[in-house]
Amino acid sequence: MERVHLIPHGNSIVLKNHREEKRVPEKKKEKKLWRGQADIWGKDIRICYVIFTTVVPVRNVMPKTLDGQLTMEKTPSYFVTNEAPKRIHSMAKDIKLIVVVRNPVTRAISDYTQTLSKKPEIPTFEVLAFKNRTLGLIDASWSAIRIGIYALHLENWLQYFPLSQILFVSGERLIVDPAGEMAKVQDFLGLKRVVTEKHFYFNKTKGFPCLKKPEDSSAPRCLGKSKGRTHPRIDPDVIHRLRKFYKPFNMMFYQMTGQNFQWEQEEGDK
């Protein structure tokens, strides 16, 4: 029986195409629990979302997994939580991990945009991003900035898991070539390539691909209202300083993963 651990970063991975059913928590220690099951193009995948107020064994709340099924669980904060690798390793050392990463500068602005939609009174991005803007000192303690230092977080994970058990998905490629990235995901999980180009179409309004089933007449599954928001305009000088800040960390991340995400090239083309 194989269990697969899904760690999204940035945009949620497209494989999340299922009906979510909210369930009343069975234990006081659990804050929220959703369980969903869907037949995705002939492959039965069960997905569980858990948010804890205190430590509860994850296996106790995971859905039952039958032969031929994969169980996937996603929590955005795992990748940047120091205790997560050790706890997950103690639960299932052979688990497979998927991390979706994107340009850390874009990711930070997206993070800020999400917060701004909920708290419009917060200071500007430019104010939050610096300890001292005159001196160009970036505030790496601000979560929107800190999360994008991927090499720092990956170093923690590699203390417990070999690189062969971790798949890094490009958030940028997931938008422009979702089928290509999903092919890598399916290969990594040992699944037959059933999700292909015919299952996607690009939504120009959202600026992201939508997921569909060719034989299904129902509406395609697109990103919700909380995704694809228009980013506020950020001072170009601030963006330039952030690019310089992240560059050495990006280079380290490329070396650690053996993958060049070409974020510097992407920025140079703009």
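Positions of Cβ are set from backbone N, Cα and C atoms, glycine also.
Nobody curates TrEMBL annotations by hand; they come from automatic prediction.
Annotated in TrEMBL:
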- ARG102, SER110, LYS227, GLY228, ARG229, THR230, HIS231: 3'-phosphoadenylyl sulfate binding site (BINDING)
- CYS210-CYS222: disulfide bond (DISULFID)
- 91-247: domain 'Sulfotransferase' (DOMAIN)
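Compared over the binding-site residues ARG102, LYS227, ARG229, the count of CB atoms lying within 10 A of a residue's CB peaks at ARG102. When the alpha carbons of ARG102 (3'-phosphoadenylyl sulfate binding site) and CYS210 (disulfide bond) are compared, the span between them is 19 angstrom. Contacts of CYS210 (disulfide bond) defined by a Cβ separation under 8 A and a same-chain sequence distance of 6+ are given as PHE200, TYR201, PHE202, ASN203, PRO220, ARG221, CYS222, LEU223, in order along the sequence. Close to THR230 (3'-phosphoadenylyl sulfate binding site) in the fold, though at least 6 residues off in sequence, lie THR113, each with a CB less than 8 Å from its CB. By neighbour count, meaning other C-beta atoms within 10 Å, the densest spot among the recorded positions SER110, CYS222, HIS231 is SER110.
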